[in-house]
């Protein structure tokens with residue numbers, strides 16, 4: 001016997017979270033909980049403002065329609081990426097497809113004073129991989145900060161993310177301030193320039209490896225082995241169903257590319273599922289999931305070791 005609940009939620013964010021020039025004051029989303037007999041599965045639907053095609057309200061309408069269809073015995077998935085991902089996660093838990101084993105390691109997101117970062121990163125146990133957002137300030141400053149971190153910590157590798165912020169000139173200004181001897185320890189730089197051709201040229205000219213992120217969601221993108229391209233960054237909330245995520249990971253691996261499962265600032269429930277997906281589909285590759293600290297609370301399922309308060313399901317607004 002099938003049954004389902006849908007919950008709506010809103011989590012206050014830390015004051016400094018800015019996405020595409022918009023301050024993100026709250027993270028808004030939905031949960032679906034599916035039951036079939038004794039089995040249960042959860043999924044999170046949380047479109048990311050400025051990045052998702054769909055709004056929270058559109059996702060809610062699509063989710064409620066899909067849940068009612070599922071209760072009638074239909075097995076298809078919705079089209080909207082965030083709804084398809086959340087619904088497929090709930091089904092994967094319900095059927096036991098999504099393994100319980102998780103990779104709760106996270107490449108720490110580096111913000112704040114560079115001198116403080118050096119101290120924090122130097123004390124990191126094990127493999128030292130960290131992420132730095134670039135393109136928010138002057139390119140020269142970004143280059144100097146990256147160079148400082150790589151110089152101060154000889155075993156540090158950095159993942160950089162520019163979100164297509166730079167013109168070719170700005171990208172070259174950044175590279176000019178990174179010692180060529182350190183560039184091999186830039187694991188990859190996500191989408192440095194506004195166009196793929198400019199990003200490819202940057203990689204060829206500087207020897208700094210790049211990764212595709214936004215490109216994966218463009219209609220004309222195809223997976224290819226290209227000079228200077230080392231990785232793809234897959235954000236399941238923006239991608240679609242678990243099957244589509246699996247297809248992208250498999251396509252990347254077939255070309256020898258690194259596939260990184262990455263957060264779209266999901267709640268703790270969604271992040272713990274992404275940690276399981278990463279352990280399942282990209283074992284041995286550190287996922288990019290260090291976003292929980294941007295929020296003021298957890299929900300339903302806590303992230304191991306987090307001190308943030310965790311709301312229970314009966315504290316959420318139920319829609320169905």
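Cβ coordinates are placed from backbone N, Cα and C, and glycine is handled just like the others.
Quantities reported herein were computed from a predicted structural model and do not represent experimental measurements.
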Of 127, 138, 190, 247, which does Swiss-Prot put in the Mg(2+) site with 161, 213? 190
Among 133, 235, all listed as active-site residues, which has the most CB atoms within 10 Å of its CB? 235
Please identify, among the recorded positions 133, 161, 190, 213, the one with the smallest Cα-Cα distance to residue 235 (active site, proton acceptor). 213
